[in-house]
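Worksheet: the structure to be examined is printed underneath.
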């Protein structure tokens, strides 16, 4: 064989083998059509915080090139450097009416849309892809920093600014946070970050964690990272066991069924160590918008207040990704309806389709109606060939259309695609008007309640429906008219719209103010005051004078009626009414509070007075008389909380002290009567008066001693007032553009609730002052803040009471304030902070704010767009934090004064019991008509009830607060001393045993030490009973098991013919506490121990556990320090500890599985085979 022939044959063989391989590869080469087919690329928002999210939206169509099988559109972003973007892994199908024509794949490094062969059947293709990405600013700096990341698709690009906040100097002790990793969108990561500053703690640390719906705990992912004096890392199945061994006394309890984790760390190990417990939850509901995790903490940092069950909840929003495509298929009519000016799609436009010749269109219908969807698209498929007419028959207001215009088109059997058309509508210049509603009050009440108006419209059938997007208007006291602006005058048919209002509550629910009736008539609402609820006080005069034996009984007596201690009426009572009296038509309430009525009697000569309720008994005691004193408080119902719980008064005889004193308090209705007084001295009539012994700070005292039957001691206190002044500053180059308004409205908020508004003008040099404001509310200082109603073209900045308005045409600002309606956090349920988000025209902006005490629960967003698509933007807020037990109401009426109110009704309880008599059915007739039962809250007397046979000797204290500052109140009962009876108290059952000559005494211990905050309270104390000031040797131990109370029984009632007075003294000296003993009533002796917390000594560092082989500390050099709440930093997979002994089973398995490398490898072997064949043939040829 010729050598050249051999070479030629080998070449041909090689060419035949290789050529098909390369041709096959070229047949499936995909095109990147990003530059030709992408029409727009945007991000929203355009500025985010480090670790925050933004939404990328890319739109495309086929106007610049037909889209084919295998074509791709790519979106790229920076994946390294100081600023980078990470996508969240998602795959979203692209469908047309249920048929998939491609898919969008989002990865951490980019997004790609790939089309399949089904897209080639479509024409007029347009679509979009929308997905979230995370932005990171990795600049190594402690100062604030902005970095710009550019996202591209073909020749389109958009920028997002990633802001890194200034590093803080302090941290919170505990917070709960979470996130979703870009590469793992099927799980949520959660972090419990405990003792972040490695502080010394005074108590054990307890954390409770409850995973909410839509997710399930994956225990295999749990790991614990400890830094500090006992640094270590625990992960895997044995993480909890290893941790508990290393930290004796610690406990981590996991309940997979309930989705809960409970953590306890002893005080010793909790000090100087920081703990981060990290785990993942598997998402079980992919459609859920957000995932919530609730957590509570109990701890106490050294020198700080104890935290008991404070909530630390966190929400992670699900990752959103969406994509869509539109096109026409054969036999399909598709209409796109859009705004002529803005090109925005118009929904709810109705069209009528018919054949030109009037024949059936399809399905035996000669006319078919189609309506546009939210994307402005209306379509119908499978139309037979023929000539058609499309007519628009209805469009939403304010769009106009020509009812007579026809849109003809033709469908042919030879067509490969359907018919697509775009129809544009212009907005009509709509007639608008302002609608005003009026409030009419009929009645005498000076202070009117706050009510709300909701606007409705009425059709021809008298059906009423709420006006869409009309604000609920608030009418505070003094406001009688409200207006809605720019409302349409006519409906879509040109008929005038009839507007009317209804009276509602803040939530928009129908309501009527308490104490009023209402009448709604169009745009006028009239509230008529109901007749004032009245009561009557009746009683009788009883004479104990042997039927006026000595003829001393007067013809009449004067009975005085006192309302809350102040004399308001007097009646002369005579025998004509059988000595009975009645005060009628008395107001039952004063400013919503029930009036306490009592009676007294002007002094009756030769008689001693005894008052029992409204029964006044006069006993003929020649030579004796009585005197009655009443305390009257004039302090605006104790507004500032300065009123004492009791005061002491002394009786004077002709100006000289008698030594006879009395304690006046709520339990005796602030009144007392002295009996058995000498009527004369040295032949002269004695005048009895009173003086107040208790000096009440801040009060002035006036004593009315005119009538010793009605001595009145008035204590007057003028509540403290304050004023709030400030100024309006204009930053607008001295009103250069003439946009400054003539006035602005400044709102005053008291504890977050708007109470007053002032119009501020240039006449006062733009300064303002709210005067005569109450400084306190129920004893607690009021926190005043100011806001401002929105000022067009200006951005507002509030610093204290200085309000600066900067002229920023096209920009505006929004201010939010949190208002708590929870009785000053009585139950301790209020969180330390809440998170709110700003909305623009009903859509979330991603702009959030944390509201807490440090910023007075208020925040202002500045630099906001004033308009969007030529329309004024309305900014509102929504609360992101779900506060358990609270209802939320958001007042979005004015974006300069957005108010989020959280209302919580404190829990109440009741204490009921009964009085049992052990006296042989009152054999000796000594049983009193009534007894006084005292209610003690945590050892302190708070209420007293008179118990009688009318209630079968049963009693009940209702509507009692269940908690005080978040701690459950311990209620107990005692009883005022009952003569000739011994008292035994078992829970709330009070038994009185008739023991003539014997009595009893009850002592209760009251602790005033902030619920034993510093742990100094002893477990028990010892008290001793005293008889007339002398120790009896009778002692008692008081502790928790006996509710810190004890009763001595079988005590002598008299000694040497005189009534014995029993008192107590405390034998136990409690270090750091001061002791006060209230010995006023031996049925209710109270020993109070008060403790003022002191700063503890320098703590001793705990020793490290003496484990011989502690776990090896992993290398965390690459670990990112936890960021503050709501900014969880990404922890790379490489940061997790690895077992270096594990090797891959097969190194080849680690190689990328690409078709090109397989082909190259195969070609290499073909070459070797051919070369071998060539050498064999050549050898034979040569031989």
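Quick reminder: no glycine exception, Cβ is built from N, Cα and C everywhere.
Straight from Swiss-Prot, the features:
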SIGNAL    1-29  signal peptide
REGION    151-318  region 'Collagen-binding'
SITE      209  site 'Autocatalyzes isopeptide 176-293 formation'
REGION    533-1093  region '3 X 187 AA approximate tandem repeats'
REPEAT    533-719  repeat 'B1'
SITE      788  site 'Autocatalyzes isopeptide 728-805 formation'
SITE      1066  site 'Autocatalyzes isopeptide 1005-1089 formation'
REGION    1074-1150  region 'Disordered'
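DSSP gives residue 788 (site 'Autocatalyzes isopeptide 728-805 formation') a strand state. Counting Cβ atoms from all protein chains shown, residue 788 (site 'Autocatalyzes isopeptide 728-805 formation') has 23 others lying within 10 Å of its own Cβ. In this structure the C-alpha atoms belonging to residue 788 (site 'Autocatalyzes isopeptide 728-805 formation') and residue 209 (site 'Autocatalyzes isopeptide 176-293 formation') are separated by 40 Å. If you measure from the Cα atom of residue 1066 (site 'Autocatalyzes isopeptide 1005-1089 formation') to that of residue 209 (site 'Autocatalyzes isopeptide 176-293 formation'), you get 44 Å. Sequence-distant contacts of residue 209 (site 'Autocatalyzes isopeptide 176-293 formation'), defined as residues of its own chain at least six apart whose C-beta falls under 8 angstroms from its C-beta, comprise 176, 190, 192, 260, 261, 262, 263, 293, 294, 295. If you draw a 10 Å sphere around the CB of residue 1066 (site 'Autocatalyzes isopeptide 1005-1089 formation'), it holds 20 other CB atoms from the protein chains shown.
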